[in-house]
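See structure below.
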Amino acid sequence: MTRETLLTFAIRFGFLILLFCMVIYFSLSANGFASPRSAAFILQSVAITGILALGVTCTLVVDGFDLSIGSVATSALMLSAYAMVILEMSAVTAVLLCLLMGAIVGLINGLLIVKFKVPDLLATLGMMFLLIGLQRIPTQGNSIATGMKLPDGSAAEGAFSAAFLWLGRHRFDLFVEKLVPVPVVIFLITAVVIWVFLELTRHGRLMYAIGSNERAAALVGTNVNRYKIAAYMISGVTASIGGILLAARLGRGDIASGNNLLLDSVAAALIGFAVLGAARANAFGTAIGALFVGILLQGLTMMNAPYYTQDFVKGAVLVLALVFTFYLSAKRSAGGKT
Amino acid sequence: MKTCEIIGLKKSFGGNHVLRGIDMHLSAGEVVVLMGANGAGKSTLVKVLCGFHGHDAGTMHLDGVAYLPTDAANAISHGVVTVHQSIDDGVIPDLDVATNLMLNRLTEPGAGVLVRDGALRRAAQKVADNMGLTMDVRTKVADLSVADRQMIAIARAMAYEPKVLILDEPTSSLSASEADRLFSLVDRLRGQGVAILYISHRMSDIRRIADRIVCMRDGEISGMFEQSPLDYDGAVTAMLGHSMTDVDIGVQDGGQPILEIDTLALSRGSAPVSFSARDGEIIAITGLLGSGKSELAEIIFGLQRPKAGQMRIAGRAYAPQNAAQAVAAGVFMSFKDRSTNAVIPDFDIANNMTLPFLRLFSRATVLKGRSQRQAAQDMIRRLGIVCQSDDDGIGTLSGGNQQKVMIGRWLLKGCRVLLLDEPFQGVDIGARRDIGAHIRETAKGRATLVFVAELDEALEIADRIIVLNEGTIAGQHQNRNVDMEALIAQVSGTSGAQPRVNA
Ligand SMILES: Nc1ncnc2c1ncn2[C@@H]1O[C@H](COP(=O)(O)OP(=O)(O)OP(=O)(O)O)[C@@H](O)[C@H]1O
Ligand SMILES: [Mg+2]
């Protein structure tokens, strides 16, 4: 009886307690860790991954998976640069174009999966390769920056507008002057919106039902296809938001950036399974998962751990989280709230 | 003599004391039927016996030696083999039939590393033939019907050459002919000296197969019957704690026609089906496997298109293209085989129950958790669902209680046409009467069609009984002094000249 309560407690709060202990430990042992600047830095470092992870969470909820998010983000990065630098469009147009691109990619992913019955991993893997290739074609594989040479010999005249760069570089004042970067605010807003959508609305509840037993959900009259397509469209749009913010931070269409986006954001979403013992994809968990990785890496960096250990640490956290989720909740046997 | 002996066995889940000291034994060459109401603890006892759950107190012996299985594989190696109530525990849907049948060979120590497909398939074919399974052994199990899956799980259990065989509601999704095949296999194993524990809510099974009856109520043994002839009524009284009330239904003719079925062809070439279901009327549709029962239900619910003919609801043409359109038109359907078709395993009772009507339980798409819970609690009370609270995970409920949740789901809101496909799968006899009474009480304002294979169930609930055979109506009876012989003959299609009924 007491063992059981202990186990339940460990499953529910274990991960949050671990996070809390980690913060305390780094605050005591790494000088300057417990400061607003360092907190803002951590948030900044996880904001873009976090936004992508929230999108992939929606596809995990309907028991799908979106491998194309990383390439959607880099496509948005290149597209925004192309629109502003080469086509000399305004910031607003460029942003809208990117969001539209994300939505269309999501729609195509969704249609491939529900209409053409391509398994989700294959459909989105194909989309990933397609986009990685596509984004290189207009510039013959080059990065985009003001003054670059165009195929016709002239130089690119356009530039990233100040309004666009604001998205990636502006910092709001909070206690300290110029503390919170715009991407962090957008990350937090996205997290709240996705959380409300998944946890509190009937649409979110139906998406969870689809993920748990698709056939049963369809037989009570749920339009399963529409919800699945919606999940991939959300994922596409959030990925393009991530790409826009990345472009605004870099200030150039860098062909090589964003390599780690896919794996990092999937890791955050999977770590999220362990938070509060949810044992399934959830927005709160995903946000915490992203933060967890960010805090750990920042803390280790401040304690002078070499940069090349980073991926190893991420992997270790992921495995730990998965053990938390699946081993412990399997021990607790069939249960579950909601 | 005593192959398996259980003394003082106790098991709790949290504060829920499910087994409160069970004493019983199984003997070689004897079929013991375990009876008990939904949630009495039968499946829990089975899961302790087969090593799935640990226990809190008590002892188990096998052939006089202390028996304490560590897990399912360990139990099997002791010769204790189980077919679980939840069928998907018994088969691996992504593998083909041959591999599923031969899983035991693959896990045996000394099995080769490489799988030889040809040999595997031939051995599987032998097991399949033994069971009278006719499907191609290369079919993926996920593509089979629930009844076929159940037969595979049973076939594999038999192939282990068990010392103790435990069957937890094996017939709940089987047709009559499949059940007969199962019974003859059980007879054969009994002859070979296997000790068999058989759990069922179907009196016809119990009458056919029991050597001894043990009754369980609220986690305790409440009766044992071994004198032949067995006292079946006494057993029912012991399991329910009171004697069964006789059903006394005031048969209604119904009001205005609501659902009109007009020269509908259920399958290519079958004679057309026409009838109308009236307001307040409950029609039981019965027939054997392949009689067209499922086709009729699926056509009305929009999952299949009729080959010919049309339907009307309250005089207006009705031709749903999918489940969503049917539900929108006020046609609700509770499916058989709940674990594949109805249960959302990740959800609690309240969310499972309210799933089709989330729109009603939300304001501006935000769910109103409180009113969801209130509606669920109300239904839990009305149907007598045994649970701790409305936020119990659906997987912690006993099988029969899960089924009650699935029926309750469609009684939350009024509708024009209610279709119930095998609504009493896994529901105990007492609860079946209560639910039947509830369905009858609320029947006004809708037409109700109940699809059942068991004639007992049809007679208990319906105003009118329609018999289907080979895709067409073989007979109709008002449920007053029904001519049972004619009814049975119509079901089996042996009523001489095929009557052409077009009522
Ligand atoms: N994993 C579990 N966690 C919590 N409670 C459980 C769990 N499994 C079973 N129970 C509870 O134990 C009780 C007995 O369940 P059990 O499945 O043994 O009933 P049963 O006799 O097989 O009923 P049925 O005829 O409906 O199959 C139920 O009240 C159920 O809620
Ligand atoms: Mg049971």
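Note: Cβ is positioned from N, Cα and C throughout, glycine not excepted.
Annotated features in TrEMBL:
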{"type": "TRANSMEM", "residues": "A:6-28", "note": "transmembrane segment"}
{"type": "TRANSMEM", "residues": "A:40-62", "note": "transmembrane segment"}
{"type": "TRANSMEM", "residues": "A:68-87", "note": "transmembrane segment"}
{"type": "TRANSMEM", "residues": "A:94-115", "note": "transmembrane segment"}
{"type": "TRANSMEM", "residues": "A:121-139", "note": "transmembrane segment"}
{"type": "TRANSMEM", "residues": "A:179-198", "note": "transmembrane segment"}
{"type": "TRANSMEM", "residues": "A:229-248", "note": "transmembrane segment"}
{"type": "TRANSMEM", "residues": "A:260-277", "note": "transmembrane segment"}
{"type": "TRANSMEM", "residues": "A:283-300", "note": "transmembrane segment"}
{"type": "TRANSMEM", "residues": "A:312-330", "note": "transmembrane segment"}
(Q) At a Cβ cut-off of 8 Å, and with pairs 6 or more apart in sequence only, do we get at least 3 pairs between the transmembrane segment (A:283-300) and the transmembrane segment (A:229-248), yes or no? (A) no
Q. Between the stretches A:6-28, A:40-62, A:229-248, A:312-330, which one has more Cβ pairs under 8 Å with the transmembrane segment (A:260-277) than any other?
A. A:40-62
Q | Long-range environment of the transmembrane segment (A:40-62) - Cβ separation under 8 angstroms, sequence gap at least 6 | A | 69-70, 73, 120, 171, 179-181, 183-184, 186-187, 190-191, 194, 198, 204, 207-208, 210-211, 227-228, 231-232, 234-239, 241-242, 245-246, 261-262, 264-266, 268-269, 272, 280-283, 286-287, 289-291, 293-295, 297-298
(Q) Counting CB pairs under 8 Å, which listed stretch among A:94-115, A:179-198, A:229-248, A:312-330 touches the transmembrane segment (A:6-28) the most? (A) A:312-330
Q | Leading contact stretch, A:94-115, A:229-248, A:312-330 vs the transmembrane segment (A:179-198) - CB distance under 8 Å | A | A:229-248
Q. Residues of the same chain, at least six outside the transmembrane segment (A:94-115), with any C-beta under 8 angstroms of its C-beta?
A. 64, 66, 68, 72, 75-76, 79-80, 83-84, 123-124, 126-127, 131, 164, 167, 224-225, 228-241, 243-244
